[in-house]
Amino acid sequence: MWGSGELLVAWFLVLAADGTTEHVYRPSRRVCTVGISGGSISETFVQRVYQPYLTTCDGHRACSTYRTIYRTAYRRSPGVTPARPRYACCPGWKRTSGLPGACGAAICQPPCGNGGSCIRPGHCRCPVGWQGDTCQTDVDECSTGEASCPQRCVNTVGSYWCQGWEGQSPSADGTRCLSKEGPSPVAPNPTAGVDSMAREEVYRLQARVDVLEQKLQLVLAPLHSLASRSTEHGLQDPGSLLAHSFQQLDRIDSLSEQVSFLEEHLGSCSCKKDL
């Protein structure tokens, strides 16, 4: 006697031998009806056949004669076999290997690339580092912020790696920077030299203010006498000269404000503590 497991295996073997790769055997999930099959009935009958053969006649002569034999033959009956539906996997699905009659494998056209898997018709599940309808596009982890590099991030096809400072080496997976033997290098200070540059700018503006003040004294000294003499000698109104003097005053005032602003912020500069 066979056990239940052996009977089940035998039943699957019968189904696999009897069916085709296109059709399944009963309606179920992702299985569609593709047509109705039917046709004439084939039946057997006894057919009479006359078979010639040689024999000897009187006088030892060879004679030919016939004998009747009967054999089983097949013929089409006028009747029609009962119609029955035919089933196949619905569009976008195909037979699952090892499971007769099951349509559990999705179809993606074009197929998924770079290690992606087809999870439903026309939709791929992409591995880490790839994106797109068929997993054809590399993900730039450096620009999207997915990478966690503390220093420089370098994108590669399907992944990325971190480039460390001098004296550091990348980790096994390339996503971190590890210090080599010895003291860790100090990262460059981007604010180095800012204090000295600000001081030089203050000195330069102060020198310009001094020059403009000297010019202003030269202009204002003869201003009153110039106005009186111009009236006595019938000269034109010296308003243009006065307007020029006021412009010089405005320039001096503007430069003084710039010097004050730099001096005020120079004291609060964080990099000053490193000097």
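First residue shown is number 1, and so on along the chain.
Keep in mind that glycine also has a Cβ here, set from the backbone N, Cα and C atoms.
If you look up Swiss-Prot, you'll see 1-21 marked as signal peptide, on the strength of sequence analysis. Taken from Swiss-Prot, the feature domain 'EMI' applies to 28-105. The feature disulfide bond is assigned by Swiss-Prot to Cys32-Cys90, Cys57-Cys63, Cys89-Cys103, Cys108-Cys118, Cys112-Cys124, Cys126-Cys135, Cys142-Cys153, Cys149-Cys162, with similarity to another entry given as support. As annotated by Swiss-Prot, domain 'EGF-like 1' applies to 104-136. The domain 'EGF-like 2' annotation in Swiss-Prot covers 138-178, and the record cites sequence analysis as its basis. Residues or ranges marked as region 'Disordered' in Swiss-Prot: 173-193. For 196-220, the entry in Swiss-Prot reads coiled coil, with the evidence type sequence analysis.
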Minimum Cα separation from Cys142 (disulfide bond), reported as the residue among disulfide-bonded residues Cys89, Cys112, Cys124, Cys162 that achieves it: Cys162
DSSP three-state assignment (helix, strand or coil) for Cys142 (disulfide bond): helix
Around the Cβ of Cys162 (disulfide bond), the count of other Cβ atoms that are within 10 Å: 22
Residues near Cys112 (disulfide bond) in space but at least six apart in sequence (CB under 8 A): Cys118, Cys124, Arg125, Cys126, Thr134, Cys135
Spatial neighbours, same chain, of Cys108 (disulfide bond) - Cβ under 8 Å, 6+ residues apart: Cys118, Pro121, Gly122, His123, Cys124, Thr134
Site with most surrounding Cβ atoms, counting all protein chains shown within 10 Å, from the disulfide-bonded residues Cys90, Cys118, Cys135: Cys135
Around the Cβ of Cys63 (disulfide bond), the count of other Cβ atoms that are within 10 Å: 10
